[in-house]
Each structure stands twice: as structure tokens, then as C-alpha cells.
Amino acid sequence: MGQTLSEPVTEKHSVNGSNEFVLYGLSSMQGWRISMEDAHSAILSMECSAVKDPVDFFAVYDGHGGDKVAKWCGSNLPQILEKNPDFQKGDFVNALKSSFLNADKAILDDDQFHTDPSGCTATVVLRVGNKLYCANAGDSRTVLGSKGIAKPLSADHKPSNEAEKARICAAGGFVDFGRVNGNLALSRAIGDFEFKNSNLEPEKQIVTALPDVVVHEITDDDEFVVLACDGIWDCKTSQQVIEFVRRGIVAGTSLEKIAENLMDNCIASDTETTGLGCDNMTVCIVALLQENDKSAWYKKIADRVAANDGPCAPPEYAENHGPGWRSGDNNKKVIVPPNFHQVKLNGSDGYDKDANENSKEDDSTNGSLAAGFRWKEHFFPHKAEEENSSSETDIVNSNKDVADDHKEAVSAAD
């Protein structure tokens, strides 16, 4: 879990911004860790000669072994990408891949990093016209909220994944207790040069900086994107986060405040249990305006929720303050009542609406905050009706059996 403080640092560092295409809110919090090793980037309107409209860039970097690589990436990766020839040609997939590798090499060649053991994840989103390009290396995560459904734009890179494990072993490493060489809990990162061999190609390293890139064409169903480090995803599923954010939007809360509330609901009340909720936390929420202004975008989502168009966390989640919240008047920590419900589930990928009916058997219990929301009922109503009809028949038969047993018991008593 790493070293922790006796009391968490719950001060938030929040920013926001907008243009005609996106609105974003971003917040970070040190939490229980002895230092803050996360970093982020939010650049509106990057210039690209290949497209008419400006390009928007968002990224979250989760550092480990120190903060130097993460902070360097937060300051330099956007510029490396913008200067990349492939970026200026409009080849955004290859531009993202080569920019991650170029950043890795630039750090390696920098004298100030020669004795630095740190590394960082990177999850990046580019908005280019009506497309999203998501590049990811590590176990930070980017998720799209599409009418309340979590759609993964990235996949966590864990050493236990068979493809990742095969690369690690082929490069001379091993996986022990779910960690690279028994040490690192993720299998791709920028930095971490103790795991890199100058005789191997960048994509074949034990720990590679090469990202996976997902391209998504934005549809009218798509509402917002959430980028966050694993300090969030270890505590909430992708589906829970999307529903939490959606409820905050319905309540008219600013995106940076929703991010703050989410972190407060993830942070642990103490460090005595599993270690979940004790990490640094960073959350970036990006609204996809799609020709709406801010107020129209908020109203569109509120109208959808009012019409029961997709799952949303219950109304009380817009006001819930978790263990990390402090009063704005005196910075006094609020004592959380014993019956406060703080979800502590291991993160899981979201599921898109094209999934088959067996993709998630009971999302309302394991991955959803929406009261009464059932995956099958929402997307496979005919199947749900058949199951409900069968269940009702079972209940009727069960009630009949109970009644018969009662009659027999009365007769026996007489």
C-alpha cells in the first residue's frame, strides 16, 4: 500500500475550462499518502494543421516511486505530441504512440533522471472533431458515459493479463504475486528504467511505455468522459463512477465539484483495513457539448434522467459527503455516521450497450448505484419480462404451497 500519514491531506486542487466543444472540471487530492505523485494536463485548442477545428487534450498521470516522471509528463507530453509530425499530418493514433515512446526516451536521456527510480501511468484523451482518441499505458483509466452506461475507452495494463505476462517473460522478467518481478503492480509505464533494457525494442520491454489507442466516434448518446487514476478505480467500478457523475450533473453541480465529491466518497476513513481509498486521487471530467452550450448540456442530461433514459445514482448521492469532506467554514473534518454507505468494490470495466445479455448478470448489485436498475431489464426487456413472468409463477406456486401447508397444520391441530 505504501507509507501513509496519520491524517489524510484532503485539500483539493481544482481547475476548470471550456471552449465551444468541451467543458471540463479537474481535481486532485493527496489523501493518506506521504506525498502527492499524481499529475495531469488539460490543454484546450491545440493547433493541428491537418484539421480545421482545434484539438483538445486531457491526461492523468499516476506516479510511483516518486513524482518526477509524472510531473515531467504533465508539463511536457502535450508539447511533445503537438510537435509530432504525425500529429500535424492528422495521424493521431501513431502520433500518440510515438509521443509516449518519445517522452520515455527524453526522460532516459535527461541527466536529472539518471538516478531517479520513478515512473508513471498515462491515460490521455484527444478530442478531434467528432472523434475521441484515447491512449493508455498503465492502470489509470478512461471511461465514456453514454446515457448513463460506462463504456471503457482504455484497458488496465496489469501483469496478470496473459498478453502482458507473455511480453514480460519474453523480455526476461517474471510475474510474482501479480507484480512485475514481484515489485511493480502495473505492466506499462513511462519511466521505470530499472525494468527497461537498451538492447530491446521499446514495445518489447518488461515494462513498456507503448500505449494502447482506442478511437471512438462520438454519438448523441455520449455525454461525458472521466479520466482518473487507480485511486478512484480501486474504490468504485466504472459504472458507479458514471452514475455518480451523472447525478451530480442532474443536480447542477460544477464538474470540478463533482470530481471533488467523488474523491471524498472514495477516500478511506482510516488506514486500518484493506488499503483501498488510501492512494493519491485525480479525476478529470470532460463534457461533450455537441453544439450545446453549458446550460443546454446540463438540461439535456437532466431531461434524460427524468425520462428514465439510462441509469443514474440516487438523488442523495448529489449531497453525500464521504470521509474526505471538510466544512468550508472552518476546515473541520466531518464525522461520518456509522451507517454511511461507502462503496468499496474492486474496479471493473464498464459494459457497452452492444454487449450480450450475459455480460453482466446483476449490474445493480455489483456495478451500479441506480436504485432498482437491472442490466437485462434496461437493454433486454423481452428477456427480463420472461424471467419476471417465470419468477411470478414461482412466487404464486410457493404461496400456494405455503397455504396448503397452513391448512394441513390447522387440521392437525384440530
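Using the three backbone atoms N, Cα and C, a Cβ is placed for every residue, glycine included.
For the Mn(2+) 2 site, Swiss-Prot records Asp230, Asp279, and the single candidate of Asp56, Asp62, Asp67 listed with them is Asp62. Non-local neighbourhood of Asp62 (Mn(2+) 2 binding site): Glu37, Asp38, Ala70, Cys120, Thr121, Gly138, Asp139, Ser140, Cys229, Asp230, Gly231, Asn280, Thr282, each in the same chain, at least six residues away, with C-beta under 8 Å from its C-beta. Here the C-alpha separation of Gly63 (Mn(2+) 1 binding site) and Asp279 (Mn(2+) 2 binding site) works out to 11 Å.
For the binding-site residues Asp230, Asp279, the ranking by surrounding Cβ atoms (within 10 Å, all protein chains) places Asp279 first. Averaged across the domain 'PPM-type phosphatase' (23-288), the predicted model reaches a pLDDT of 97.
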